[in-house]
């Protein structure tokens with residue numbers, strides 16, 4: 001992009017911002033993006049009744065590893081939310097319009113920021129957004145999966161922030177969480193996330209925005225995954241596949257597209273390519289576009305999204321942002337623009353679809369059978385994370401952990417140590433067996449605090465020394481206050497009474513509800529081998545402070 005083009009792009013941004021300031025955040029109409037709804041296995045325009053085909057591109061700016069490392073925690077998020085930055089999105093929208101896209105896939109947004117300007121500007125150009133609910137640091141981990149209060153709160157905050165926009169097409173509850181046969185046990189957690197996100201939308205007076213899943217194209221798992229997410233009582237609303245089988249100048253017959261189309265014929269929910277664009281040949285010719293929107297595939301597939309808009313180290317971009325924050329068009333851009341311009345899928349109206357046949361019944365799909373080493377996703381799902389229950393742990397546990405931040409390796413270290421000393425079954429979640437501990441839905445800090453408190457009680461603690469030497473470990477003075485029979489935490493306390501310590505005379509005091517950090521020695525490797533009493537050291541100042549609290553001086 002030359003200086004003249006950069007100048008005009010800046011003018012467009014300035015004009016749009018002025019219009020927003022003069023007319024308010026609702027100055028742009030959403031008439032060009034009526035809500036898209038699902039009927040059977042198709043997307044339809046809710047006003048015209050015409051079938052909707054996704055013709056889109058992935059749109060997400062990433063921070064480089066070097067940038068994150070040099071920043072030393074200065075950034076609010078590890079990702080860049082372009083939809084919350086009008087300078088970025090308004091710069092890019094003219095180029096997205098040139099591409100001929102009608103949908104963006106965005107992988108992470110900051111729910112604390114306003115997205116009004118960018119979402120309204122996209123709507124003015126007839127563009128929708130498919131949005132992932134997770135973000136890089138808050139998501140379901142395929143190797144150690146959990147569906148807990150922390151992740152659920154993230155999902156709810158995104159839903160609350162974005163559901164008012166009519167051009168919000170749908171949410172992804174996960175992306176490639178199970179990516180091969182070694183981690184199929186992670187899929188029950190994603191399915192639980194779909195269930196709870198849909199339930200939250202339903203009970204929060206939000207528009208009924210669909211929630212789906214984006215998977216990879218692994219040969220060993222793709223059939224079972226496709227069945228798993230539409231079987232049983234909990235089902236995805238749509239299903240995306242990150243598809244990279246077509247490279248260069250492949251064909252419908254040689255690429256694998258023919259086989260995939262046959263496999264998904266009659267699939268009960270909308271299915272589309274949530275990513276496509278193999279880059280083994282550069283510039284990419286994007287010849288797969290003509291096949292995807294052609295007669296052989298458009299009756300099965302609801303379109304797709306090219307990966308991706310921004311050029312990064314992985315070399316999948318169609319534009320490159322230059323040193324002046326301007327946009328330089330790459331050869332891939334011209335090829336994708338040309339292919340999208342030719343794409344003209346022949347759809348069906350909602351009325352024709354309903355008249356031709358009844359929508360496919362999702363209930364008819366049988367869940368895949370468990371096969372060790374092949375498919376190990378149980379039909380039984382984790383329960384909905386219970387925020388109130390988990391918050392009670394913060395009130396009643398004697399020892400408490402606060403987040404370790406950059407020292408995330410401590411979680412694994414401390415869990416390994418504590419679970420060698422106490423029974424951790426109440427925090428374990430097993431997607432293979434369908435067994436989920438009572439507190440497996442709590443945050444990682446709450447789960448670690450529970451196990452630390454067990455060890456504190458196991459060693460017969462009669463003071464306020466928690467058995468880990470770490471600045472993030474606290475003795476919880478709030479736990480010393482006796483619970484009344486009316487307390488909402490009484491049931492939680494009763495459920496762990498047999499594994500936690502009765503603080504005896506401490507309950508007679510009325511300490512402050514603050515938390516007190518203790519300088520307690522972390523057991524050495526030799527001490528960890530002993531199951532008996534562990535010696536702990538504290539500074540004289542801390543001993544004095546504890547004595548003062550016990551005497552009521554700090555009331």
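Glycine is no exception: its Cβ is also placed from the backbone N, Cα and C atoms.
Annotation comment: Swiss-Prot describes 1-24 as signal peptide, evidence class sequence analysis.
Summarising the annotation, Swiss-Prot assigns disulfide bond to 89-118 (among others) and lists experimental evidence as the type of evidence. Secondary structure at residue 89 (disulfide bond), as computed by DSSP, is helix.
Summarising the annotation, Swiss-Prot assigns (1,3-beta-D-glucosyl)n 1 binding site to 107, 134, 135, 136, 137, 138, 139, 140, 141, 142, 175, 307 and lists a curator's inference as the type of evidence. Sequence-distant neighbours of residue 107 ((1,3-beta-D-glucosyl)n 1 binding site) (same chain, 6+ residues apart, CB-CB distance under 8 A): 58, 60, 79, 132, 135, 175.
Positions annotated as active site, proton donor by Swiss-Prot: 176. The number of other Cβ atoms within 10 Å of the Cβ belonging to residue 176 (active site, proton donor), over all protein chains shown, comes to 16.
Annotated (1,3-beta-D-glucosyl)n 2 binding site per Swiss-Prot: 176, 217, 222, in sequence order, evidence recorded as a curator's inference. Counting only same-chain residues at least 6 apart in sequence, those with a Cβ under 8 Å from the Cβ of residue 217 ((1,3-beta-D-glucosyl)n 2 binding site) are 241, 242, 243, 244, 245, 260. The DSSP secondary structure for residue 217 ((1,3-beta-D-glucosyl)n 2 binding site) is coil.
Residue 367 (disulfide bond) falls within neither a helix nor a strand when secondary structure is assigned with DSSP, and so counts as coil. Annotation source Swiss-Prot lists disulfide bond at 231-367 (among others).
The disulfide bond annotation in Swiss-Prot covers 247-278 (among others) and is backed by experimental evidence. In this structure, residue 278 (disulfide bond) belongs to neither helix nor strand by DSSP; it is coil. The Cβ of residue 278 (disulfide bond) lies under 8 Å from the Cβ of 244, 245, 246, 247, 248, 284, each of which sits 6+ residues away along the same chain.
Under the heading active site, nucleophile, Swiss-Prot lists 275. Of all the Cβ atoms in the protein chains shown, 24 others lie within 10 Å of the Cβ of residue 275 (active site, nucleophile).
Residue 442 (disulfide bond) falls within neither a helix nor a strand when secondary structure is assigned with DSSP, and so counts as coil. Summarising the annotation, Swiss-Prot assigns disulfide bond to 390-442 (among others) and lists experimental evidence as the type of evidence.
In the three-state DSSP classification, residue 392 (disulfide bond) falls within a helix. Around residue 392 (disulfide bond), the same-chain residues at least 6 positions away in sequence with a Cβ under 8 Å from its Cβ are 488, 489, 492, 493. Per Swiss-Prot, disulfide bond is recorded for 392-489 (among others), and the stated evidence type is experimental evidence.
A sphere of 10 angstroms centred on the C-beta of residue 399 (disulfide bond) encloses 29 other C-beta atoms. Taken residue by residue with DSSP, residue 399 (disulfide bond) is part of a strand. The disulfide bond annotation in Swiss-Prot covers 399-466 (among others).
Residues or ranges marked as disulfide bond in Swiss-Prot (evidence: experimental evidence): 419-424 (among others). For residue 419 (disulfide bond), the same-chain residues that are 6 or more apart in sequence and have a Cβ closer than 8 Å to its Cβ are 451.
Swiss-Prot lists 498 with the feature N-linked glycosylation site. Within the same chain, no residue at least six positions away from residue 498 (N-linked glycosylation site) has a Cβ under 8 Å of its Cβ.
What Swiss-Prot lists as GPI-anchor amidated aspartate is 531.
In the three-state DSSP assignment, the secondary structure recorded for residue 222 ((1,3-beta-D-glucosyl)n 2 binding site) is helix.
Within 10 Å of the Cα of residue 137 ((1,3-beta-D-glucosyl)n 1 binding site), not one of the recorded positions from the list 222, 231, 367 places its own Cα. Comparing Cα positions, residue 275 (active site, nucleophile) lies closest to 176 out of the recorded positions 89, 139, 141, 176, 399.
The distance from the Cα of residue 399 (disulfide bond) to the Cα of residue 367 (disulfide bond) comes to 43 Å. Put simply, residue 222 ((1,3-beta-D-glucosyl)n 2 binding site) is 14 Å from residue 231 (disulfide bond) when counted between their Cα atoms.
When the disulfide-bonded residues 89, 231, 247, 367 are scored by other C-beta atoms within 10 Å, 89 scores highest. Distance noted between the C-alpha atoms of residue 118 (disulfide bond) and residue 141 ((1,3-beta-D-glucosyl)n 1 binding site) is 30 Å. In this structure, the CA atom of residue 390 (disulfide bond) is 35 Å away from the CA atom of residue 222 ((1,3-beta-D-glucosyl)n 2 binding site).
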